[in-house]
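Engineer: Taken from TrEMBL, the feature domain 'Response regulatory' applies to 16-130. The feature 4-aspartylphosphate is assigned by TrEMBL to ASP66. Taken from TrEMBL, the feature domain 'Sigma-54 factor interaction' covers 345-574.
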Amino acid sequence: MQKPINTPLASTVDCHVLIVEDEFVIANDLSLILGGAGYSVLGVSESVAEARGMIGQRKPDMVLLDIYLKGQETGIDLAKELEDSTIPFIFISANDNRSILEQVKATQPSGYIVKPFREKDILTTLEIGRYRHAHSAELKLREEKALQIALTDALSEKEPWETKLLKAAQLLQPHIPFDYLTIRHQKAASEHTYSYYRVGFEEYQIIRETDFLHLTKTTPEQLFRMQTSLVFEGAGRYNQEAFDRLSQQNPFIHLLATNFRLQSALVVPLKTGQAETFTITFLSRQPETYLGRHLALLERLEQPMLLTLERVLAFEEVARLSEQLQRENSYLLEEVKTAANFEEIIGTSQHLLRVFNQVSQVAPTDTTVLILGESGTGKELFARAIHNLSSRKDKILVKINCAALPATLIESELFGHEKGAFTGALDRRIGKFELAKGGTIFLDEIGEMPLELQAKLLRVLQEKEIERVGGNTLIKTDVRVIAATNRQLEKEVAEGRFRMDLYFRLSTFPIHLPPLRERKSDIPLLATFFAQKSARKLGKPFCGINDRVLGELVNYSWPGNIRELENVIEQAVILNNGQTPLELGRPLVSAFSVNLLASGSGENGRDAGALPSAQPRDLLDVKQIQQETEREYILGILKQTNGRIRGNGGAAELLNLKPTTLEYRMEKLGIRKVLTVYNPDAVS
Ligand SMILES: Nc1ncnc2c1ncn2[C@@H]1O[C@H](COP(=O)(O)OP(=O)(O)OP(=O)(O)O)[C@@H](O)[C@H]1O
């Protein structure tokens, strides 16, 4: 419940009264009456201009005001200014013309005394006037305090800015009227404008940028240019000619004025300590809406609003950072799982030593690196090594597999998106490029990137700027890019699936990782390393690898490269009793063949088995190896299904192929269908 208002009036000595009266005798009379009652008379002015001068020197606590004065201006003109400056005034006039009285009433005087007057009339009206003024001043103060609290609450709510600011606008309306309100929020690298159009008593239409462009027939570029030319250094009110001038100087205000028939404005820029600015512009259809008291109210609200905004922004920043931290954290957890130090790259073959040299050369620079090599040759491992040997090693390495995401999602995954950028974009999300700030981004399977996105990636590499999906601002990036592919990018370029310009941009420093079959001397080392690692993981003793087994490993062609070797050894360790040297648990049939089979079946329109006959020698060898591997793999599956091709659990189903396609491939690979009963000796 509110406390009853009972403000004691200041003593008459402390009440300074200005008399604005051009008749000397009356003015003198008034001075004597006031002086006799103990009031301090500030002075007597004969004209509005003179009164203004005196008020400028010292603000009176009360003005006794005649209507007709010396000069052009009347007491009513001055009354408007007094009201605006919240100086109470009492009219003293002999005028009883009705229209004049109407005008007098509109100025909300604290009293009205008709000439000729008695001393008693003057002193009583003065007393009542002072009391009413003090009373309403306190009421206003309370109202203002309540407004301040309500604004703080509205702005602190956990809602989007658009909703919060609408609530704040609704709260301000009874105090500062407007027909159109725009709030422009500028940050270092981005900005957003919120606009509200009053369409009913308490009804507002949110004017979003697209609506605005449509309504005003403007292009986004034009709007951006107009808005950026709009700079308000301080608060100001613009009525009548001042508004016309503002609108002439300022194309954005002009656009608003013509499209929404606006005629006056009140502007206040709020600059936060985080170097963000909120420029609030109230606009009205009336030519003289904004008074000094509106501006004064805004100036009084400025500090509390700034404090609230700074707090809310700081809170948002903390939330953003903690989200970033959480993301980084989940990456780091993944990192722990896949951690691989440079020392853990095993191999002493000439091929590998050459790669080590290249890695040490390029790692400390910020150069983009393209790692080429078959699947499982260690591309990711080397990407991590490059990151770990660079000055960015204490920052995050973010990996993105371009083949694992649907084309429609890669862009948002890489660059992030704004809320509402597409169906399902419920929140703003930062992309991997932003996440990798200061660190490295590893774009695995770059050859799978859709053409349209390749253009955007090229721009990012050249300009070092990204744009979120659905966003309209460019964000600076500081990220080193390492890309990898198992495709022959030159062939992809020749066939129009990969942009040549991006290829050249990426291949500034290419590193070719040799397939395992070309560095057989590393196989025993790697096998022993993986066996020890698995044994440690499983808590088993390791008794070495049988020589015969090592021989088998060295002679195998390893189409799945090191990953396949690692899997084979891990299985062998699982099956090993921990007391005898390692034996292979199964014949060497490559799991990697699934990929070959898939690409060979023409799913992506890329037939691995359909190389043109004029290929160089080494490519033909590859083709033979692929066919051999595919043959082995199909045989392996047929063994599992006891030779059954069709139906539930048949080889075609396991291979995710149509039975006729499988039969066709089997025929091509020389596998005959007589294999109906599993006979391990016959197949291995
Ligand atoms: N020289 C090496 N020493 C030790 N481990 C290795 C070596 N090269 C690769 N590996 C291991 O082999 C596995 C496959 O390597 P990685 O994932 O880096 O290959 P990739 O070329 O990126 O494969 P893909 O093209 O299929 O993504 C990983 O477990 C990696 O740790």
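Cβ coordinates come from backbone N, Cα and C, glycine included.
These figures come from a predicted structure and were not determined experimentally.
Tell me about the surroundings of these features in the structure.
Structural biologist: Residues belonging to the domain 'Response regulatory' (16-130) score a mean pLDDT of 92 in the model.
Secondary structure at ASP66 (4-aspartylphosphate), as computed by DSSP, is coil.
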Engineer: Using DSSP, how many residues in the domain 'Response regulatory' (16-130) fall into helix, strand and coil?
Structural biologist: 54 helix, 26 strand, 35 coil
Engineer: Tell me, how many other CB atoms lie within 10 A of the CB of ASP66 (4-aspartylphosphate), whichever protein chain they belong to?
Structural biologist: 24
